[in-house]
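As annotated by Swiss-Prot, GTP binding site applies to 50-57, 151-155, 220-223. Among the features that Swiss-Prot reports, domain 'Dynamin-type G' is placed at 40-313, with the record citing sequence analysis. Taken from Swiss-Prot, the feature domain 'GED' covers 536-625. Summarising the annotation, Swiss-Prot assigns region 'G1 motif' to 50-57 and lists sequence analysis as the type of evidence. Residues or ranges marked as region 'G3 motif' by Swiss-Prot on the basis of sequence analysis: 151-154. Marked as region 'G4 motif' by Swiss-Prot: 220-223. Taken from Swiss-Prot, the feature region 'G5 motif' covers 252-255.
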């Protein structure tokens, strides 16, 4: 038997219209996959899926010309990347099996099946479990099409034998990982002798691709179709039953009896063509180029090349975004800890200095922020604005309700004064009542600003020291202690401020000016009405004047207290404490890097190299196209 598994006449004509475009396109994706960037990028691909015993392995066997693992139960236990390369100069057959960083050259196609089985056992273990790890089988021959396919495990509905109980869920999860990508064409293999609407493979494909834009149906086993059902099969292939954008094709591969009779793959292709040519029902499908393995190979190559070309711009965008993010993540982790003792000390000084510099910029409201984030002081300023609104609303509310309030006081507490004389004690009591109502909002302002500063500093500590647990702990203690200390000091000052506000005081000229303004302003509030007594009118003027002055004083004083303690003093204390760590502790103790961080840095460096290599491959392809 020829290792090619295809008739010379058919295979020599395969893809002759695409020879200049086909190989470079497919080589591009194969090269990217070989670099390992499939972990990072969604590469254009054709994934082959089907229920168990759908004939999926037989189709791949016919396309590749080699015997692949087949039988009952789960045959494909790992994703198998089948890379077929058509060569013209060298007539010899070459095989290359790669998995888990192992490479095995194969000179005899008869050894493929066992080699793939051994690879599956190495990755998925003994038994019938599956693995997400990929096996790559590359075949170079003059008789194969230029094509790359990904063979996925057949869908099992019920666990049998020593299969895991959740084997169906595992397989579906693996299949979905591939076919849900917009870059993947799903090649759905379905036996022609069953109702295709009941197949799990087609259901899965339609779930992730409801319009059938990325799905091509392949019907197998046409020789097993019940008599009278042939027209239904023809209608299915003609896209009249369950329409798919890419439509359907039909093939007849070797059955078990053919294998038992030692029917070679070359003879099987000849037998397939005769079957369609001589079948009165299916002959039209052959005439429409919708039947036989060679025509399927040609169609798949065309589909893959067009799909790669279509997805190339998105692939380039994906690559650029991943490169940018990986570089940023790597910068965020920083360099690893030096081994030299002196260099370690310098490294610690650098880390603390960088941390303190960021704190300084926060204090000066000059830190760098990326959208949609906001500078710390901008958030604090928003809280100060809210505080000012509270004071303003207090003044407005006072003007609106003052008349009734003063009338009540005059009615219940007026002494021997003649009309028009202001009772100073009544004036003081009303002032103190209104100012006392501002005490709690002032304390809330302090708490809200403290939360903003705490969150920001905590984020900065994590950003700079999260890789070093001892240094992180050393930084966390003063962060919390000094915050609590400055909060208490600010809180006491606010209490003190409101105790002072119980003393009713203002400079005479300031008060006189404000009183004049109040009299001019309040005339519109009904205070000139004959129903308002002179006592009420005069008291309202004085109260409005004083509360306006007091609110203006508090509008500045409370934010000053909060800013001084929770930003200036707190950050200065924290900076000094961090500098103090340099002399107190051994750099080696503080700079003990978490193993997870070192591993992540290594992974990011490897990813960056993969992506850069992929970028060079893509760039070379684009410029040579």
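Just so you know, glycine gets a Cβ as well, placed from its N, Cα and C.
Remember, it's a predicted structure, so these values are computed and weren't measured experimentally.
Counting same-chain residues at least six beyond the ends of the region 'G4 motif' (220-223), those with a Cβ under 8 angstroms from any Cβ of the stretch are 54-56, 58-59, 189-193, 233, 250-253, 255, 275-276, 279, 282. If you look at the region 'G3 motif' (151-154), the same-chain residues 6 or more away from its ends with a CB under 8 A from one of its CBs are 47-54, 56-57, 60, 68, 74-82, 130, 171, 174-175, 178. Within its own chain, residue 155 (GTP binding site) has 49, 50, 51, 52, 168, 171, 172, 175, 200, 201, 204 as residues 6 or more apart in sequence whose C-beta sits under 8 angstroms from its own. For the region 'G4 motif' (220-223), the DSSP-based tally of helix, strand and coil residues reads 2 helix, 1 strand, 1 coil. Ranking the binding-site residues 50, 222 by how many Cβ atoms sit within 10 Å of each one's Cβ puts 50 at the top. Here residue 152 (GTP binding site) comes close to 47, 48, 49, 76, 79, 174, 175, 178: these same-chain residues lie at least six apart in sequence, with C-beta atoms under 8 angstroms from its C-beta. In sequence order, 48, 49, 50, 76, 151, 154, 189, 220 are the residues near residue 56 (GTP binding site), counting only same-chain partners six or more apart with C-beta under 8 A. When other Cβ atoms within 10 Å of the Cβ of residue 53 (GTP binding site) are tallied across all protein chains shown, the result is 16.
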